[in-house]
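Record features, source TrEMBL:
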BINDING   A:Glu63, A:Ala64, A:Val275  FAD binding site
DOMAIN    A:43-477  domain 'Amine oxidase'
2 protein chains.
Amino acid sequence: MAKSQEGFVWSSKDGFRYAAVVASTPKSELSASYDVIVIGAGFAGLTVARDLGFKGKKVLLIEARDRIGGRCWTVDTGETAKLEMGGTWVHWIQPHVFSELQRCDLDEFVETVAFPENCESVKKASRQDPAVVHDPAEGQAMMEQLEGLMAKFFDIDGQGGRSVIPFPFNMASSTNHNPEYLELDKLSIADRVAQMPDCDEEQRAVLGAQAASFYGIAPEKGAFTEVLHTQALCNFDPAMTEIATMKYKIAEGTTAFALAILNDFKGDRIFSSPVQSISQPSDHAPVAVTLKNGEQFTSNSVVSTIPVNVLSSITFNPPLSPLKKEAFSDAVTPARIDKLLVCTPTKFANGFTVSCEGGDMPFASGFLDGTHGSHNLLTLLTHPDNKFDSAEDNIRLVETLHPSGVEVHSVYGHIWSDDPYAGGVMPVRKPGFLGKYHDEIRKPHGNVHFCGSDFADGWRGFISGAFEDAYRVTREVETSLSIK
Amino acid sequence: MAKSQEGFVWSSKDGFRYAAVVASTPKSELSASYDVIVIGAGFAGLTVARDLGFKGKKVLLIEARDRIGGRCWTVDTGETAKLEMGGTWVHWIQPHVFSELQRCDLDEFVETVAFPENCESVKKASRQDPAVVHDPAEGQAMMEQLEGLMAKFFDIDGQGGRSVIPFPFNMASSTNHNPEYLELDKLSIADRVAQMPDCDEEQRAVLGAQAASFYGIAPEKGAFTEVLHTQALCNFDPAMTEIATMKYKIAEGTTAFALAILNDFKGDRIFSSPVQSISQPSDHAPVAVTLKNGEQFTSNSVVSTIPVNVLSSITFNPPLSPLKKEAFSDAVTPARIDKLLVCTPTKFANGFTVSCEGGDMPFASGFLDGTHGSHNLLTLLTHPDNKFDSAEDNIRLVETLHPSGVEVHSVYGHIWSDDPYAGGVMPVRKPGFLGKYHDEIRKPHGNVHFCGSDFADGWRGFISGAFEDAYRVTREVETSLSIK
């Protein structure tokens, strides 16, 4: 394969240029105590801090990273396009994120089409096997079969699932109307696949993999209702599901969005300050938040927007309830979809998708995802079972993902599953979660309130869910402060 | 027809019990000047006032009525159900209203189904003619034919209209992508009907009436793009359009929602104070707002949320541009859909819809719309050409809307088309509006900013549009104040 000597290969030692690093409040200006300490400067934390600030509360925002945005951030490469290292996709049927975007005048979108018509489809079975172009007719037949299977997979009520989750933004309301929702939540994705009549083993395998692929987990580890819930949010319309979850990116980038929200927050903020422990001697005493560097701040209320995947790394005193601890560890599976953004000068007539079926490949799948300056942008998602690392031989595999080679100009990545402040992507709920843990995880722990997209009812795992839950917890904290 | 002697017939002299009347700031506590004066305490005005207040601006809210909510308010009859006298319908694909509802913890909905399966369908041709039950098979055939006709009506591009309005929340973005959108805007609903091949005259009449019925206008008076825009907001899915525009009401009522937003506004407010004139000697001098009672307040910026239908009743000094004046009068047609809510003990097995075809009836159509305590609730929409008034003989006509009679327990109404602060429902844009007036009406007049659902790009005419436009104008005012 011919290869230019130009360009560079990403190395994990390099940092990126981005706007997400902002200054902390100078130490001399910090207070020892606040009305509220908000831990985490992702979208949920920024929004709670902003809204409680609006309501006259004295707020301190504490962030472990050197930047805002949490599981969303945008790299500015100096080219026209912005590269999203984490959460990316928005749509106007995601109500809160769209509403906040219009509020910030950031509702210009970049459109991409992951699977255009006549798109070239490539498979690569292992590191050694060459990439093989898939027969388009066979691919088309397979897609149609899969669509039919998925429709049956969701059709647990003869109405495509519509009767089970009529109102996907409110668990309590949904389960009150439909006790069968809780029954259904006991099924894993694999359990539901096993229920399907008229399927052979290969079809079952394909269906299970497809249904679970969105979360990057094994089909045994996710509740069937997680998948059904996303369908409900998208009006039980598969075309809408694709458009709502992988078509529109924010033109200015998620970092510009986070900055706009931060701009409305006038309280204190400190960055690069991981929290060690959260202690409250009693319900009526202030809560003490101790940082890893030993510094301590106190407040009447604390809002933790620490992701569920890594919440166990914080010491709580008194300790969390056993049920909460269990919910934050055994009851969920972190989605492990690391994302690699490859800028390539290679041209592909009608787009290009690649899938790597199991084996020893770090990548699971990929698709062309618009352009980046004069280059094409190839988004690769990693294989959940094969831990990805940024070793050069892993990166070099990108060059072998097409029979005629993929020329790599540059590669951008953030290994979320290794990130101590993320621990992967969203926590996927295991079967039985709703009945046992849902209410418990949202309950405050004394004066500590739990918040974030992981806790949302609606677009959980999406930016919109971060806002939804921020609104809930803002109310919770306001009520609790007014009672004191 | 047997008729109980109990019950009462609504008379326009009676008032209603409701929570929407709130106290003004005591006169002694008002200032003579403010950063911003917001005129109108509907959803747009409340939101601008709240958000500018959050940002530390000194705000005065001035309202002509004795209550908040503008074209939305809820009557509390002492029964369990709330009666919505104006804007009613919400859905989660209306992003801003849903987001604000979750923010206020008011996202519990009441579901109604206007056209259930096997619903009894009745026609009444005139005051004298008796109501006649429609043959269900004929009705079904007619509905199917109409659906087919409507699909063709929207299909101006072979894609059901999808290519023309890809992004219904941003006119500028949509027209930049699609100059043909502006071309298409030159058609009236009637023009588009006339373009349809393979239609006989009766079909054209039915189609025109159906397409225009949503707005309560004549098909010649509304732009085709108004109708297409609503389709675009509903993902070009007719079932979604019905669900999004007439299925879910706010369980606590729109007044509870308005109160929740007012509760977050800590500035000054005065009610029952119609504005007479708005004067600004120069761009750099304060704006003077003079009330009908002669009182005057000044501010650096004024936000007018006065509905377009009645904006001409305010004296501007210097006067508005000729183009703006034209836009606020000749370029739009006020939708004249007065709504009458009838509580009836009469039972109907599978629901009941009624249509009154032209002639001398004040009502155009009606449908059973859930229950109200132990009664059924019948919503009647008035005929746009026949001015409705609350004379008893008009109200008594309700009793004749079904062959076996409709027993009337009570009737609630608000005659929006006669209301000096509403002048009807939303202003429907005439053909050619977008190219000629859209930019102009949104431009500030010196330091006076125009705002409200009437000015929104997305859910114009809906509560969601009020929020959308409030966000836009909040930014506009912030920018203008920071430049001064």
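Heads up, residue numbers simply count up from 1 along the chain you see.
A Cβ is built for glycine as well, from the same backbone N, Cα and C atoms used for every other residue.
Where the annotation comes from TrEMBL, it is an automatic prediction and has not been curated.
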For the recorded FAD site formed by A:Glu63, A:Ala64, A:Val275, name the remaining residues of the chain with Cβ within 8 Å of the site's Cβ center, in chain order. A:Ile39, A:Gly40, A:Ala41, A:Ile62, A:Arg65, A:Phe271, A:Ser273, A:Pro274, A:Leu291, A:Ile306, A:Tyr421
According to DSSP, does A:Val275 (FAD binding site) fall in a helix, a strand, or coil? strand
Same-chain residues at least 6 apart in sequence whose Cβ lies under 8 Å from A:Ala64 (FAD binding site): A:Gly40, A:Ser272, A:Ser273, A:Pro274, A:Val275, A:Pro420, A:Tyr421
Between the two most distant Cα atoms of the FAD-binding residues A:Glu63, A:Ala64, A:Val275, the distance in Å is 8
If you count Cβ atoms within 10 Å of the Cβ of A:Glu63 (FAD binding site), leaving out that atom itself, what do you get? 27
Could you give the mean pLDDT over the domain 'Amine oxidase' (A:43-477), rounded to a whole number? 91
Around A:Val275 (FAD binding site), how many other CB atoms lie within 10 A of its CB? 22
